[in-house]
Amino acid sequence: MKKLFGTDGVRGVANVYPMTAEMAMQIGRAAAYIFKNGKKRHRIVIGKDTRLSGYMLESALMAGICSMGVDVLLVGPLPTPGIANITSSMRADAGVVISASHNPFEDNGIKFFSRDGFKLPDETELLMEELIFSKRIDSLRPTAKEVGKAYRIDDAQGRFVVFLKSTFPKDLDLSGLKIVLDCANGAAYKVAPAVFEELGAEVISIGVKPNGTNINADCGSLHPEVMSRAVKENGADLGIALDGDADRVIFVDEYGNVVDGDRIMAICATEMLRQGTLKQNTLVATVMSNMGLDIAMKRAGGQVVKTAVGDRYVVEEMLKGGYNLGGEQSGHMIFLDHNTTGDGVLSALQVLAIMQRHQKRLSELALVMDPLPQVLVNVRLAEKSDIMQVPEIAKMINDVEERLKGEGRVLIRYSGTEPLLRIMLEGSDEGDIRCWANDIASIVEQKLGGEARG
């Protein structure tokens, strides 16, 4: 069982174990040893978002990697998918992302991409942990003559802008569109506005003044109400909101209504079905996706394959099954024909291409899917336990499932990145399922302690 790595790398409060400079250096050393293969000069890319603690962790990782005889390529603030792309295009041995994605600025994280731009398998992360905790890495240092160097790649953002524009159809542009763009004061604050403006859109940018502590603060994909308000105030055609590392995206239509990842997947998948480009007529989603997505895909002649929650599991299923489109309700979307991981700006470009191709507004395209009412309640718990072993909780869940009569579902799972138990209900009546979700949350609080929040 892994001690450091969760579903999306190592994550925690900055300057508190495990997100300390000391641990970052050890992680860098272990990674460098693993990716060092053969006699050639090895290189690892390091990129980050805009958190204040990114400077500390970047320096520590760089020192650890160089101490093992591997060179470092520093790209500075860059979206997570940009780091995956640069790692692959520069033929580096690996890429490192310093980010806690949508979490508040106090948190930070470290995750890796392999040389081909995909997230690491569990086996590699376990090997990294074994090297760190066994102290074996201490005996593997190279000589002073063999230590690595660090180089800064000054044009990384420009390279990624060029790549992103290359995924947009050559016969289309964005002229005539007014877009509100919320970059969450995060990693895409320069890249995203440049992409949409260079393709011809009028862009109203918010969340583009990072100061190290305002990433995701009342902005970005977790706060679409900010973008929604700006769309209505400015008479924009749509709004696009990214999270702190720009690997996910949420939209609002011209009326300010939120269009989530499920509806965006439905729009893109059904268009790809019409074009004959959706491999095996299959979309990969997670168990959190609304049942309305399954219905929309079936109606269009396709199908949905479900995975555990986490974009890494979506990608694993896509690679295993030979599929080329997958994603999550939260707005992670993977277009494997273009990139190897979730990419908010790239996903937005695919939606904009459909709008421009068919001259339809986002509100019209969103009608492809009719979601079932869905309610999510989070309970913050001190530790994870098997809730079905608590008789009162198990009885409450079983009672709710009986009331749904097969016309909805109950899904309860622990977050992979936060100390939260997520209680999700779907059904035909939103009032009923909200009441039942709160009932389950209340009994969990009573029996296990904790604090519920909607």
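Cβ atoms here come from the backbone N, Cα and C positions, even for glycine.
The Mg(2+) site recorded in Swiss-Prot includes ASP243, ASP245, ASP247, and the single candidate from SER101, SER114, SER363, SER385 that the record places there is SER101. The secondary structure of ASP247 (Mg(2+) binding site), as reduced to three states from DSSP, is coil rather than helix or strand. Residue pair SER101 (phosphoserine) / ASP243 (Mg(2+) binding site) shows a Cα separation of 7 Å.
According to DSSP, SER101 (phosphoserine) is assigned to coil rather than to any helix or strand.
Under 8 Å, Cβ to Cβ, and six or more positions away along its own chain, ASP245 (Mg(2+) binding site) finds ASP49, PRO79, THR80, VAL97, SER99, SER101, GLY186, ALA187.
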